[in-house]
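Report on the structure given below.
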Amino acid sequence: MELWQAFVQMVYTLTPWFDGTIASILIILIKAITLVIPLMLVVAYFTYAERKVIGYMQLRIGPNRVGPKGWLQPIADALKLMTKEIIFPTKANIYLFLLAPVLAIAPAIAVWVVIPFDEDIYITNLDISLLYVLAIGSIGVYGIILAGWASNSKYPLLGALRSASLLVSYEIVIGFALATVVMIAGSVNLNTIVQAQQGGIIYWNFIPLFPMMIIFFISALIETNRAPFDVVEGESEIVGGTHVEYSGMTFAVFFLAEYANMILMAVLAVVMFFGGWHSPFEAIPYLESAFSWVPGIIWLLAKTTFFMFLYLWVRATFPRFRYDQIMRLSWKVFLPITIIWIFVVALMTQLKLEPWF
């Protein structure tokens, strides 16, 4: 962080002919670039990791032709999508058809500005950062709904209707699950929530909130349209859903938005339930000093990688659920459990159950 502060000071020093506002805008643009480029690279190579991991799980090799051991496969995929023609359905609303992927990718990137990667590594530190994530993150589904309607095609419309109903169902569940974390931390600031979990793995929220952690993880799979809950796309039912009529870069943007949201949900699970950037060995003799050299951002990335692997593991293991089963899971199982657990956490907070409350 000291290096970043020195860089900011250098920008102000080297631009004396700018007023403070222009220099501040320049800093914001630099921050945006340093966020978006690594995020897009991670998304691109997560697709490679997904194909490799699932390939090994299914006793296949996975991509291994483009570059050494297939490392250049994401670049080849990007070039292919960039050179493919964008085909518009005959009776589609072209302007809304093109707006839909933008509306899907913009929130998927915008939410990252409040994610704390370490104690002092973040784009901005909002006091209401969790509310910001929930509010901005929920906008992306309107891109999917708009894509289904603007395509003027029956399968995309069915996918859009499913997406709308799942949004109503699981945004409530996720909100209630994360409300229990807020009750423990006493704040909706993500930095404060992570700081409340310092002291070692015993202080992490997943221990007192284990049912909420499981519900959040499953709901995250559903919200991001991941197998076995990918009924919005459902190739065997609605042949791709909202993506049926999209090709070329418009399809690629939807693809990037989906994977960016997957990584976001993995990071959010780590921040809310697994101590964020904190080491699991804090307050443990010998181990704490042995791993004291590891930066906090490395711990956060390691935990996030584990959750991203769980995404792939679940996809390769379970068959797709029916749409009615997923809706029943929300309203008849998850919602009652989260409401009950809110009262349980409230009671434990009043009793000041150590060491979490």
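Even glycines carry a Cβ here, placed using N, Cα and C.
Feature list (source: Swiss-Prot):
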type: TRANSMEM; residues: 25-45; note: transmembrane segment
type: TRANSMEM; residues: 94-114; note: transmembrane segment
type: TRANSMEM; residues: 130-150; note: transmembrane segment
type: TRANSMEM; residues: 166-186; note: transmembrane segment
type: TRANSMEM; residues: 201-221; note: transmembrane segment
type: TRANSMEM; residues: 254-274; note: transmembrane segment
type: TRANSMEM; residues: 294-314; note: transmembrane segment
type: TRANSMEM; residues: 329-349; note: transmembrane segment
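Counted over residue pairs 6 or more apart, the CB atoms of the transmembrane segment (254-274) and the transmembrane segment (94-114) come under 8 Å in at least three pairs, which marks the two as touching. The list of residues near the transmembrane segment (130-150) in space but at least 6 beyond its ends in sequence, with Cβ under 8 angstroms from a Cβ of it, reads 92-93, 96-97, 99-108, 110-111, 114-115, 156-161, 163-164, 167, 171, 174-175, 178, 182, 188-190, 193, 232, 241-243, 246, 254, 257, 261, 264, 268.
Listed as Cβ neighbours of the transmembrane segment (94-114) (distance under 8 Å, sequence separation of 6 or more from its ends, same chain) are residues 31, 35-36, 39, 88, 122-126, 129, 132-133, 136-140, 142-144, 146-147, 149-151, 190, 245-246, 250-251, 253-254, 256-257, 260-261, 264. Residues of the same chain lying 6 or more positions beyond the ends of the transmembrane segment (294-314) and with a Cβ under 8 Å from any Cβ of it are 46, 49-50, 53-54, 57, 117-119, 121, 217, 221, 226-228, 262-263, 265-267, 269-271, 274-280.
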